[in-house]
Amino acid sequence: MSQVISITGSIATGKSTVSNMIKELGFTVIDADIAARVVVEPGQEAYKKIVETFGEEILQPTGEIDRKKLGNIVFNNEEKRLQLNSIVHPAVRKWMNDQKEAAFQRGEQVVFLDIPLLYESKLTHMTDKVIVVYVDEKTQLERLMKRNELSEEEAKARINSQMSIEEKIKLADAVIDNRGSLEETKQQLISILTEWKIK
Ligand SMILES: CC(C)(COP(=O)(O)OP(=O)(O)OC[C@H]1O[C@@H](n2cnc3c(N)ncnc32)[C@H](O)[C@@H]1O)[C@@H](O)C(=O)NCCC(=O)NCCS
Ligand SMILES: Nc1ncnc2c1ncn2[C@@H]1O[C@H](COP(=O)(O)OP(=O)(O)OP(=O)(O)O)[C@@H](O)[C@H]1O
């Protein structure tokens, strides 16, 4: 029987790191962050709506969306973030659904979704099981500031735009503690997949 498993967590807790491990094991992982880039390319319906809503000042000279500028707006203004979500999320869901169907058509039995806002967007109906990738909030802040070269204030604005990781672990079917080494993270992943008889 075909199964959909979601990888979620909060920003910079390690979803992509775990997703890469899952890909290395040979599974398809469909990434919502990639979907959210594809559906806002120039010419797409969501692109037009974003320019109408946020103005041409959020474009780069090439015509592409300036993600840093748009991020600075939406991570500091809830109303604008919800507006952006309402433009981008329906297209993201469609893109992910199409990719998932294609994987099942190819005969794959299990498909993984890497989906940061699974709980915030109430998408648990799309998935059979959920793995939450956890780090404590201090580690999350440090890794986010380092990876994105953000100030503490900028990083906290992003973290606060999501449900806290402590809330998410209460809702999970399984939790991977990603505070340790990558090898320890991989071992936890393999244990969960083994327990769920996924191969
Ligand atoms: C605001 C944007 C332009 C910033 O782009 P940027 O390249 O800096 O970040 P990127 O897209 O790689 O996202 C990084 C992380 O930020 C977090 N994040 C992104 N968008 C949101 C949001 N609307 N609400 C809360 N957290 C978000 C997620 O944890 C994500 O993994 C971009 O994130 C965006 O278009 N967001 C709206 C679409 C969305 O919700 N994407 C998340 C998955 S559907
Ligand atoms: N176990 C680990 N030890 C040290 N650093 C790690 C570990 N896991 C992930 N990182 C680093 O932490 C940062 C965040 O990880 P990652 O990009 O996988 O998070 P994410 O949850 O996918 O983030 P986003 O929500 O922005 O998509 C990256 O720079 C990554 O290299």
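The chain as shown is numbered from 1 upward.
Glycine too: its Cβ is placed from the backbone N, Cα and C atoms.
Database features, via TrEMBL:
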- ALA12, THR13, GLY14, LYS15, SER16, THR17: ATP binding site (BINDING)
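Neighbour density for ALA12 (ATP binding site): within 10 A of its CB lie 26 other CB atoms from the protein chains shown. Secondary structure from DSSP puts SER16 (ATP binding site) in a helix.
Sequence-distant neighbours of THR17 (ATP binding site) (same chain, 6+ residues apart, CB-CB distance under 8 A): VAL133, ASN178, LEU182, THR185. GLY14 (ATP binding site): 24 other CB atoms within 10 A of its CB, across all protein chains. In sequence order, GLY9, VAL18, VAL133, ASN178 are the residues of the same chain, not among ALA12, THR13, GLY14, LYS15, SER16, THR17, whose CB sits within 8 A of the CB centroid for the ATP site.
Looking only at the binding-site residues THR13, SER16, the densest Cβ neighbourhood within 10 Å occurs at THR13.
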